[in-house]
Amino acid sequence: MSTSDTPDATSAKATSAKSTSAKATTSRPTSLPPAGRTPVAQRPHAGLGDRLRLWWDALARPTQWAIGVPFILLIAALPVIRPPLLTTVGTDFGSVMAQFGMVALIAIGLNVVVGQAGLLDLGYVGFYAIGAYTVALLTSPDSPWNLTDDWLSNDWAWLACLPVAIAVTAISGLILGSPTLRLRGDYLAIVTLGFGEIVRLLADNLDSVTGGGRGLSQVAYPRVGVSEEHPNGVFSAGNASGTLNAGVWWFWVSIVLIVIALLVVGNLERSRVGRAWVAIREDEDAAEIMGVPTFRFKLWAFVIGAAIGGISGALYAGQVQFVVPTNFNVINSMLFLCAVVLGGQGNKLGVIVGAFVVVYLPNFFLGRTEIFGIPIDGNEIANYKYLFFGLALVLLMIFRPQGLFPARQKLLTYGRELYVAARAAARKVSGAGDGSGRADAVPAVDVATEGDAR
Amino acid sequence: MALLEITDMSVAYGRIEALHGVSLTVEQGELVTLIGANGAGKTTTMRAVSGLRAPSRGSIVFDGKDITRMKPHLRVLEGIIQAPEGRGVFPGMTVTENLEMGCYARTFESKAQHDETLDHVFELFPRLAERRDQVGGTMSGGEQQMLAIGRALMARPRLLLLDEPSMGLAPMIIAQIFRIVSEINAQGTTVLLVEQNAQQALSRSHRAYVLETGNVVRSGPGRELLADPAVKDAYLGVA
Ligand SMILES: Nc1ncnc2c1ncn2[C@@H]1O[C@H](COP(=O)(O)OP(=O)(O)O)[C@@H](O)[C@H]1O
Ligand SMILES: [Mg+2]
């Protein structure tokens, strides 16, 4: 048992336990956390992500804006500037960035499920597919449910279908989650893996609706910026040449959606919901007996994650304007998961970096014949991307199991919680009640902050 | 009327019944101990009271209210909170964050009330105050147990359920934990304690129940059971 405890250390511990000077106690973890659960970080505020976060949190709000906005603009400008070393050769850099935007959005959504609530979802690609197919089914002329003939104008059909795609994926998240979230760990992973495949197989086999393996073409996209040069607008797949091609425009759309998603998810993380997710991830039974309605919060995570995946799917359908089942292969789920794990589960900015790595690296090598004067076969390297990502994950699990940018999440503090409760109570101007009891005042707060009465 | 009244409760895991019609009561303000060998069904009883495991038969009444089918998180609102077997500390959360989870459901009316409760917990466990920024998973077994109890106290429980708080701890720490449990009870919190450390638990409790393979086989005042030859034989390991 105490092989590592030298006699000196033990006696030092004993003396300091008596005298309350807790100075020289190098606390050794005498009991490890329950096996099978990986704590986010063993030491508080230690990782690179943590240091960045501490630095960021210390800044004043205006300073945060002053740094954040130009930073986002710089990233948005990347495909326009096309920095020499960064630019891809095999694929257009604009469409690589557009792809990155979509995967980043997916990583943010999947991070809510896997990173925040600790639910291993291996079928996330299913929600991506449902989002894409919702838009395609409603706007493609090949689909029996096409609405663009009668009452949806092709100009804004994509935008009109975006909320529908969000709603449909959220509902499918609810339908998948309600029965399966009662399962735990491995069982959940297996069931979700099956879900991802079921969605793809449905798309492949419901020929009369989804067009089967032929897919659905001519999906709607926003008709904006129509000119002589771009007869179908800047978002059309036809706008493929030049610096300001469709890929760049779609990248910009995804940046807007990413910022919105980050604001929503960030606010959730800092609320009672976020605190519940962390508790569930760390010890579900303990969370339950602390009074966290675990099932309800797991379902929330699932639904929110699904909705974000659906947005990304809608983006994809609009950008490519063509959906086929093979795009939603289960291997994509693994790639998305890889982005989340690489970036650091639970760190929503880290997973964006993870998404960049996953999308950009293969494209960096694609079509490249030399790097720094050394001749390489880039296409061959890009072909082996799954091998390399697999190896990277194995190495990561050995040397850095918390991902490249682990970050401890800031949990809702009591002071803020009280403020939120007070604001909600003020909004609810309900008959004050006698308010003398201990638990009497609680339900009102619960309802207001969770938006979900029992 | 008793604060907690369990009547003829059976609990099963699949087809295997772990409790066969257990009845027990805990009066307001009491410290009641449940002793029994490994696998007797002590943890199962606790899980049924906190709602993690639904009974297949019988009823649980808390403060006059039937809670047999109530969801666990709603029982916390009623004032039942558990420090589970194996402590159940959130390994990645700091001591403070762990304590804050204790009052997740039973929120406070004012910051002053919150600070007062937190101070009270730190007074009982000065060790936790020293380590408030340490992550739960890196603490020693004894410290984790203190954290588990402190966390439960943050809910200002009306009934505190403690499942083997002495498990795996050094004798000195065990004595300390038992002292604090008595103190918590003396300050007015009703406690239902599960223990294998019968000597210490019985001498400190008002009443006790002996559980054997899912049945209550004996009950009575703690000191009386301590003197009972059968109990002595089976649980006090005369050595
Ligand atoms: N999750 C479970 N699944 C199946 N059987 C269980 C489970 N938990 C406990 N049991 C069985 O129920 C009985 C009582 O267990 P438990 O309440 O943990 O005992 P104690 O806490 O007194 O040691 C034992 O026979 C045990 O094997
Ligand atoms: Mg037990």
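Cβ atoms are placed via backbone N, Cα and C, with glycine included.
Residues or ranges marked as compositional bias 'Low complexity' in TrEMBL: A:1-30.
The region 'Disordered' feature in TrEMBL is assigned to A:1-44.
Residues annotated as transmembrane segment in TrEMBL: A:63-81 (among others).
According to TrEMBL, the feature transmembrane segment maps to A:93-114 (among others). Here the transmembrane segment (A:93-114) has Cβ contacts under 8 Å with residues 78-79, 82, 86-87, 120-121, 124, 127-128, 243, 245-248, 250-251, 253-255, 257-258, 261-262, 265, 268, 277, 301-302, 304-309, 311-312, 315-316, 319, 335-337, 339-340, 343, 345-348, 351-352, 354-356, 358-360, 363 of the same chain, all six or more residues outside its ends.
Per TrEMBL, the feature transmembrane segment maps to A:119-136 (among others). Residues 106, 109-110, 113, 143, 158, 161-162, 164-166, 168-169, 172-173, 176, 181, 185, 188-200, 203, 210, 215-216, 219-220, 298, 301-302, 305-306, 309-314, 316-318, 323, 325, 327-330, 332-334, 336-337 of the same chain sit 6 or more residues outside the transmembrane segment (A:119-136) yet have a Cβ under 8 Å from a Cβ within it.
Per TrEMBL, the feature transmembrane segment maps to A:156-175 (among others).
Residues or ranges marked as transmembrane segment by TrEMBL: A:187-203 (among others).
For the transmembrane segment (A:249-268), same-chain residues at least 6 beyond its ends with a Cβ under 8 Å from one of its own Cβ atoms are 72, 75-76, 79, 94, 97-98, 100-102, 104-105, 108-109, 111-112, 225, 234-235, 239, 274, 304, 308, 311-312, 315, 318-319, 348-349, 352. According to TrEMBL, the feature transmembrane segment maps to A:249-268 (among others).
Per TrEMBL, the feature transmembrane segment maps to A:299-316 (among others).
Within the same chain, residues 103, 106-107, 110-111, 114-115, 122-126, 128-129, 132-133, 136, 193, 196-197, 199-201, 203-204, 210, 212-219, 237, 316, 351, 353-355, 357-358, 386, 389, 392-393, 396, 403-404 sit at least 6 positions outside the transmembrane segment (A:322-342) and bring their C-beta atoms closer than 8 Å to a C-beta of that stretch. Annotation source TrEMBL lists transmembrane segment at A:322-342 (among others).
As annotated by TrEMBL, transmembrane segment applies to A:349-366 (among others). Long-range Cβ contacts of the transmembrane segment (A:349-366) within its own chain (Cβ-Cβ under 8 Å, at least 6 residues beyond either end) map to 49, 52, 88-91, 96, 99-100, 103-104, 106-108, 110-111, 115, 258, 262, 335-336, 338-343, 376, 378-379, 381-382, 385, 388-389, 403-407.
Using a Cβ-Cβ cut-off under 8 Å and counting only residues 6 or more beyond its ends in the same chain, the transmembrane segment (A:386-407) has close neighbours at 38, 40-41, 46-50, 52-53, 331, 334-335, 338, 341-347, 349-350, 353-354, 358, 361. As annotated by TrEMBL, transmembrane segment applies to A:386-407 (among others).
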Segment-segment contact (the transmembrane segment (A:299-316); the transmembrane segment (A:156-175)) at 3 or more Cβ pairs under 8 Å = yes
For the transmembrane segment (A:156-175), find every same-chain residue at least 6 residues outside the stretch whose CB is under 8 Å from a CB in it, and list them.
-> 126-127, 130-132, 134-135, 138-139, 147-148, 219-223, 299, 302-307, 309-311, 313-314, 318
Spatial neighbours of the transmembrane segment (A:63-81) far in sequence, C-beta under 8 Å, 6+ residues away = 56, 93-94, 97, 243-244, 247-248, 251-252, 255, 259
